[in-house]
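Data block below; observations after.
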Amino acid sequence: MSTKVCLILLAAVAALASADERPTYSYSPPQNTYQAPEDSSEEVYSAPSEESYSASSEEEYGYGPAKYDFDWSVKDEYSGNDFGQEESRDGDRTEGSYYVHLPDGRLQKVTYYVDGDSGYVAEVTYEGEAQYPEESYESSESYEAPEPSYSAPSPSYSAPESEESEEIVVPSGRYGSPRN
């Protein structure tokens, strides 16, 4: 019986050892499967060979340091919304500004820059003077306070009949002998 146990243990160890092998995977660049129709004058794109994937190819494809410029704005006469932003970046240096017309009539403008790891540095300025028009509360309708819609709660307890009916027990202040 011990040889059977040894054989079973040996088979289990062999099974565990073979299960530890993991499959290997490899990556190859994607291959183009698109072919333009015969009667088309389109160029046929072919995937670059593995040799062309190098650090120098990043510059060829425009993968160098970040560089961009953009701006946008919104001006809606009906709602009074007027705001916008512009920004440009060249490598680690980013600079720009954004503005908004505030409800009090002033223009708030934020000019900022980020240079590498220096963080966000901003300057906030205001143009114009805050204006607060006189508020008029004249109305053809008059205001009246609402009537309360609740009633006082009724008591849910019963009061004692009288203080004379209560019996008060006063301790004697002496302790008796322990009981067994």
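Each Cβ is built from the backbone N, Cα and C atoms, and glycine gets one as well.
Per TrEMBL, compositional bias 'Polar residues' is recorded for 25-35. Here TrEMBL flags 43-56, 139-160 as compositional bias 'Low complexity'. Annotation comment: TrEMBL describes 68-78, 86-95 as compositional bias 'Basic and acidic residues'. Annotation source TrEMBL lists region 'Disordered' at 21-99, 125-180. Here TrEMBL flags 1-19 as signal peptide.
Under DSSP, residues within the compositional bias 'Basic and acidic residues' (86-95) fall into helix, strand and coil as 0 helix, 8 strand, 2 coil. DSSP labels the residues of the compositional bias 'Low complexity' (139-160) in these numbers: 0 helix, 0 strand, 22 coil.
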